[in-house]
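Inspection log for the structure reproduced underneath, given as structure tokens.
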Amino acid sequence: MSDKLILPSWLSRGIEEYFPIKGIDQTFSEIIDDAKKNNKKLRVKLGIDPTGTDIHLGHSILFKKLRAFQDNGHIAVLIIGDFTAQIGDPTGKNKTRVQLSEKQVKDNAKTYLTQLGMGKPANESILDFDSKDKIEIRYNSEWLKGLNLNSIIELMGSATVSQMLAKEEFNKRYNSQVPIALHEFLYPLLQGYDSVVVQSDIELGGTDQKFNIAIGRDLQRHFKQEPQFGVLLPILTGLDGIKKMSKSEFNTVGLTEDSLSMYSKLEKVPDNIIPTYFELLTELDLSVLNDANPRELQRRMALEVTTLFHGAEEASKAQSNCEKLFLGHKEKVGEIPEISLKDIVFPVKFFYLLSSLKLFKSSSESKRSIKGGGVKIDSQKVINPDIVFDSKKDLEGKILQIGKKIIKRFEN
């Protein structure tokens, strides 16, 4: 029997993988069962690098699982990577990240904690901040900023270059002769050292974090600690049903979005990702997927997720208002004037695209409007004028809104 099959449902739901199956003395399920029987609080680590200002539904999966551990008697150890964020996790990147300033990182961290519900009652927040015995919030600058050269050399001596090059992103860049900065090799070691300092029993992460979590296990072993278990959750597919949820793909739902915006986006997701959204974003029994038609499932899922983040009353209002808008304006999408992309040379920066389409008098005016939050794509503000669109497919069919008056639909 797979060890996963005997895990409690609150833990097994949505998990892509955990490792190892068996620790030094016990399997993962035995660790969980033993903790319950003996009222032992496991230390469950989740690290977040505040490299941006907004949390979206893709991020929320990990926080929901961390909350499940809290609700079942364990300690959430939330690591704010204020030091590591200034380096930048190379995971998923084909080039060196731009380093952030200390002030940028601190400001971002404040917005993250606010979005997670800090200051709100436990029944209105994503994490339980009320019960001090259920959460520890640590900033890794506490221990990383003061590391001396001897300590850094000891960390670096616990891993090998060949081990680092086994990481997919490093391997690709090395083989393609794309530069890898030495400080990027240090990132997984610093994340792993966080686990040593907080003595985590379990670390949560997306499937793309397996390498970094495994490094944490190695470092705990190096420092004579019992290695943590890794629990990996899927990377959520975005609203387009194809690419991972990411602001750069304009396929996200942000936690700060109002209830109408959240509901209206979710009720239009493609059929192929509805089951995944039900499993990862709601608490409903998955048997609801068996009989209902896709349209009913879209509405049910959108209502449940909006309820989770805005409450039942706001979610119900959003559903009602969305239906009124649909009934009153269902023909109007086809009436939105098109704007052709046929003469645009891709790849192209966003500000240059808009000025090339004669939507602004100059590139500088285009930049100012974008930075000021006056431009949206599919109801989502785009505030980075330098974002690059690789091809027409990135924009075809999407709705561009500039201020309150200009609305266009991108077409080839």
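Yeah, the Cβs are placed from backbone N, Cα and C, and that goes for glycine too.
Annotated by Swiss-Prot as motif ''KMSKS' region', the relevant range among 14-18, 94-98, 219-223, 244-248 is 244-248. The range from 50-59, 290-299, 390-399 that Swiss-Prot describes as motif ''HIGH' region' is residues 50-59. For Lys247 (ATP binding site), applying a Cβ distance below 8 Å and a minimum sequence separation of six or more within one chain yields Gly52, Asp54, His56. A Cβ distance under 8 Å defines the sequence-distant neighbours of the motif ''KMSKS' region' (244-248), meaning residues of its chain 6+ beyond its ends; these are 52, 54, 56-58, 235-238, 387.
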